[in-house]
Amino acid sequence: MLELNNCSVIFNEGSTLEKKALDGLSVHIKPGEFVTILGSNGAGKSTFFNVISGKAPLKNGKIILDGQDITSQKPHQRSKIIGRLYQDPSQGTAPHLTVEENLALANSGNRGKLSFAIRKQEREKFRDLLKELDMGLEERMGTPIGLLSGGQRQSIALMMAVLNPPKLMLLDEHTAALDPKTAKKVLELTNKYIRSEKITALMITHNMRDALENGDRLLIFQDGKITHDFSGEEKKRLQLKDLIEYYDV
Amino acid sequence: MSTAIILRAIQLGLVFAVLSLGEYITVGIMDNPDLTVDGSFVTGGAVCAMMTIAGFPNLGLFAAFIAGILCGCVTAFLQTKMKIQPLLAGILTMTGLYSVNLRIMNGSPNVTLHASGMSDHTILSNDATRLYVLLAIVIALILAMYLFFKTSIGLMLRATGDNEEMVSSSSINVDNMKFLGLGLSNGLVALSGALLVQFQNFADVTGGTGMLVLGLAGIIIGEAILRPKGIGMGLIAAALGAVLYRLLYTFALQLGFAATDMNLVSSVLVAVTISIPYLQKLAKKRKSEHA
């Protein structure tokens, strides 16, 4: 599904501030796999995501997604098959557009460019989707999304990704800015949609418990490399206290 | 003020309503004020003047719109493909357009429609229908823009102005959206310039100075009065504000203000209106500190 071969990213090359953000990293992610990622700050987790989505240029290496070499593709070309959720809920939605307009934006791939983005049909589809969130948002479809809470916005951002199911989903600490109860809810929804739509997903988190309890595989990053890789039974047997030894918190 | 003067002010206001509608796309929707305006406004006028003299007044309006789109695309090209800062990109296009506009007008700084006899054959020639023609144009534009912003591509354009970061990580091409927005905006600006030429029957190569601020003044006054929430009301407010501003402008002239001082008046008005929210916040803070 996703294959990175010997990928390196170097910041401030040639200066005293030179830093290898990714250091010859190679990894292979299987279709439908849900991978959680742990690592201290500066370990290269976000650079890993930026390289996959095309926002950080590679010094060398190769990225193959779904059998296709995407190394030289621009971000907007890749985003047809890659979805991404950020830590800051305001990054994933357009604040002055209403709830239904944001959803319509995600849905626009299914509509002609000059046809109306929201007809009765779309409105009903969105209403049904929002009902699944169980947040009462189906009654607030005309509200500018900037007036909603972070958890509500993040849930809608997730929904927007699902409207156009990506082949690969990048979750960049997408529950870190939410209160524990909302975070749990959003994570439940994440699991539900990833499984039902059979999306391959990578999730960065600083919450070790979340990393253990979710997904089929766990990667630990350090100094631009993957230092540990647990999957299957090995991951299931993993305990919180084991993890602490594997990386500096 | 006589009714004839008021009527003329309203008509002229409607001409500038088209300018404000054009600027609404860059200022209100894309959050990217565009200085191309002072150049493309004249380009529209120049193209329309030459076409009208050649005997094609209506085609001239359409050609002006297209010429404006091209001006906007030049700025978009500089912004996106050459990575030049938005303000500088606009200034570069505007400055370059001054020479282009003179070329279009065969090197003369002003061109009159009277000499060709075509001044009686434009859609604005008839005193009795002029107001209705302008009103119809402005209403049709508001309606067309409203519908456009409800389409998928219109929504993409609005999202680009609202959260470029999000759009750049979606499958929407941000660069294309900038071409679209700046193109349409300057197309309307040029159409406004073209209507002004047919309204006053002459084109002037220096006529673009202050047009960006003038259009902005219309948008700001409309927003202050109507406090629009949605996109439809935003468009109506921009057009209405432009007409109101022209009425105020005319009133000030009647009071004895020199016409040459009016650019200063426009600038002060826009500067003060934009800084009011900040000054209010400052005053509130002072008050709470004293309490």
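Glycine is treated like the rest: Cβ placed from N, Cα and C.
The annotation transmembrane segment is assigned in TrEMBL to B:12-30 (among others).
Residues 22, 34, 36, 39-40, 43-45, 47-52, 84, 89-90, 92-93, 96-97, 123, 175, 178-179, 181-191, 193-195, 198 of the same chain sit 6 or more residues outside the transmembrane segment (B:59-78) yet have a Cβ under 8 Å from a Cβ within it. Per TrEMBL, transmembrane segment is recorded for B:59-78 (among others).
The transmembrane segment feature in TrEMBL is assigned to B:87-105 (among others). Here the transmembrane segment (B:87-105) has Cβ contacts under 8 Å with residues 33-40, 42-43, 46-47, 49-50, 71, 74-75, 78-79, 111, 203, 205, 208 of the same chain, all six or more residues outside its ends.
According to TrEMBL, the transmembrane segment annotation covers B:131-149 (among others).
The transmembrane segment feature in TrEMBL is assigned to B:179-199 (among others). Cβ atoms under 8 Å from those of the transmembrane segment (B:179-199) belong to residues 11-12, 15-16, 18-19, 21-23, 25-26, 29-30, 32, 34, 36-37, 40-49, 52, 57, 60-61, 64-73, 75-77, 79-80, 113, 122-125, 130, 134, 137, 141, 153, 157, 160-161, 207-208, 211, 215 of the same chain, restricted to positions at least 6 beyond its ends.
Summarising the annotation, TrEMBL assigns transmembrane segment to B:205-226 (among others). Residues 16-17, 19-20, 22-24, 27-28, 33-35, 37-42, 45-46, 94, 98, 101-102, 105, 109-110, 189, 193, 196, 233-234, 236-245, 263, 266-267, 269-270, 273-274 of the same chain lie 6 or more positions beyond the ends of the transmembrane segment (B:205-226) yet place their CB under 8 Å from a CB of it.
Here the transmembrane segment (B:233-256) has long-range neighbours at 1, 5-6, 8-10, 12-14, 16-17, 19-21, 23-24, 28, 138, 142, 145-146, 214-215, 217-226, 262, 265, meaning same-chain residues at least 6 beyond its ends whose C-beta is under 8 angstroms from one of its own. TrEMBL lists B:233-256 (among others) with the feature transmembrane segment.
According to TrEMBL, the feature transmembrane segment maps to B:262-279 (among others).
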For the transmembrane segment (B:262-279), sequence-distant contacts whose Cβ falls under 8 Å of one of its Cβ atoms, 6 or more beyond its ends: 209-210, 213-214, 216-217, 220-221, 224, 249, 252-253
